[in-house]
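Before any comments, here is the structure.
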Amino acid sequence: MSVATSDMSGAGPEQAKAVLIAGPTASGKSALALRLAEARGGVVINTDSMQVYRDLRVLTARPTPDEEARAPHRLYGTVDAAQNFSAGAWLDAAAGALAEARRAGAMPIFIGGSGLYFKALTRGLSAVPPIAPEVREAVRERLARDGVAALHAELARCDSEAAARLNVADRSRVARALEVIIATGKPQAAWHAEALPPLLPPSEVLAAVFLAPQREALYARIDARFATMLAEGALDEVAALRARQLDPLLPAMKAHGVPALIRHLDGALSLDEAAAIGCADTRHYAKRQFTWFRHQLPEFCWVAPEEAGNYLGDVIPGRERSERARNP
């Protein structure tokens with residue numbers, strides 16, 4: 001993996017800096033990013049792990065062709081569903097999009113809900129290579145069978161530093177550390193020492209916001225949006241994926257709604273049952289997004305969606321700080 005150096009030539013001090021818009025699914029991020037891009041001559045750069053897939057425009061709520069025509073959009077629908085697109089691959093692509101925006105003198109606007117992408121963007125990315133699925137599966141099976149204490153004891157024998165650092169009850173991190181040492185032969189600390197630097201250090205971020213709607217309103221919006229997706233062709237998208245007989249472990253095949261709708265197409269669920277599962281999965285994911293950003297990226301400013309336009313209009317200097325950058 002090689003991350004290109006972003007070129008800041010041709011960009012003024014404001015345009016060279018980026019705006020980051022994160023938030024749970026269905027919180028209004030795309031609409032806000034589009035208004036800001038129109039007001040400031042910005043480029044909208046996808047920071048969502050599912051919206052990279054070209055096969056799922058409807059089911060992942062990618063911007064419509066009309067919306068994409070109103071302002072430049074990058075990294076949307078560029079990857080085939082058969083590809084396992086990693087955070088490292090996204091970071092490479094994001095570096096190119098950032099350099100392109102800066103050469104054009106346009107404000108880079110990173111928008112999405114994938115916390116790992118934002119963390120890689122602003123904190124850097126671990127150099128740990130992808131762990132083979134069979135190694136991960138074997139460790140998870142042992143975790144379920146033998147318990148976390150047994151895995152922690154094994155970790156202490158092969159990576160004592162990680163074992164000393166991790167709580168014996170932390171199932172996910174203990175399993176991850178053991179996966180790394182088994183798959184690569186190197187402890188986590190050695191890989192962390194080789195981590196890539198952030199693409200956007202704090203000095204190059206103009207504003208970073210997390211849209212935080214009221215939970216009940218968000219959940220209602222998620223349910224309504226899933227119904228709209230079905231009306232606009234989401235089932236046809238999933239049918240096309242199903243016909244390709246792709247590996248069900250691929251990221252695109254695990255997008256919210258895809259597994260349940262495939263079960264419907266297989267005759268195992270009614271459409272209403274599949275939709276209910278898709279909505280529930282999406283609501284659970286939104287809940288995890290709140291928790292993840294709160295603990296992993298506390299530097300993001302949490303704002304209500306209806307106040308986000310005003311907030312960005314206040315924190316972004318310049319004459320373009322106008323009603324167009326605000327909520328209508």
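Cβ atoms here come from the backbone N, Cα and C positions, even for glycine.
Straight from Swiss-Prot, the features:
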- Gly23, Pro24, Thr25, Ala26, Ser27, Gly28, Lys29, Ser30: ATP binding site (BINDING)
- Thr25, Ala26, Ser27, Gly28, Lys29, Ser30: substrate binding site (BINDING)
- 48-51: region 'Interaction with substrate tRNA' (REGION)
- Ser114: site 'Interaction with substrate tRNA' (SITE)
- Arg136: site 'Interaction with substrate tRNA' (SITE)
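Sequence features annotated in Swiss-Prot and their locations in the structure.
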{"residue": "Gly23", "record": "ATP binding site", "CB count, 10 Å": "27"}
{"residue": "Pro24", "record": "ATP binding site", "CB count, 10 Å": "26"}
{"residue": "Thr25", "record": "ATP binding site", "CB count, 10 Å": "21"}
{"residue": "Ala26", "record": "ATP binding site", "CB count, 10 Å": "24"}
{"residue": "Ser27", "record": "ATP binding site", "CB count, 10 Å": "25"}
{"residue": "Gly28", "record": "ATP binding site", "CB count, 10 Å": "18"}
{"residue": "Lys29", "record": "ATP binding site", "CB count, 10 Å": "24"}
{"residue": "Ser30", "record": "ATP binding site", "CB count, 10 Å": "23"}
{"residue": "Ser114", "record": "site 'Interaction with substrate tRNA'", "CB count, 10 Å": "21"}
{"residue": "Arg136", "record": "site 'Interaction with substrate tRNA'", "CB count, 10 Å": "16"}
At the level of the C-alpha atoms, what whole-angstrom distance separates Ala26 (ATP binding site) and Ser114 (site 'Interaction with substrate tRNA')?
13
Gly28 (ATP binding site) to Ser114 (site 'Interaction with substrate tRNA'): how many Å between their Cα atoms?
15
Rounded to a whole number, how many Å is the Cα of Ser114 (site 'Interaction with substrate tRNA') away from the Cα of Gly23 (ATP binding site)?
9
Would you list the other residues of this chain near substrate - those whose C-beta lies within 8 angstroms of the C-beta centroid of Thr25, Ala26, Ser27, Gly28, Lys29, Ser30 - in sequence order?
Gly23, Pro24, Ala31, Ala61, Gly113, Leu211, Pro305
Between Lys29 (ATP binding site) and Arg136 (site 'Interaction with substrate tRNA'), how far is it from one CA atom to the other, in Å?
34
Could you tell me the C-alpha distance between Pro24 (ATP binding site) and Arg136 (site 'Interaction with substrate tRNA') in angstrom, no decimals?
28
By Cα-Cα distance, the member of binding-site residues Gly23, Ser27, Ser30 nearest Arg136 (site 'Interaction with substrate tRNA'):
Gly23
Within the region 'Interaction with substrate tRNA' (48-51), count helix residues (DSSP H, G, I), strand residues (E, B) and coil residues, in that order.
0 helix, 0 strand, 4 coil
Per-residue pLDDT averaged over the region 'Interaction with substrate tRNA' (48-51) comes to what?
98
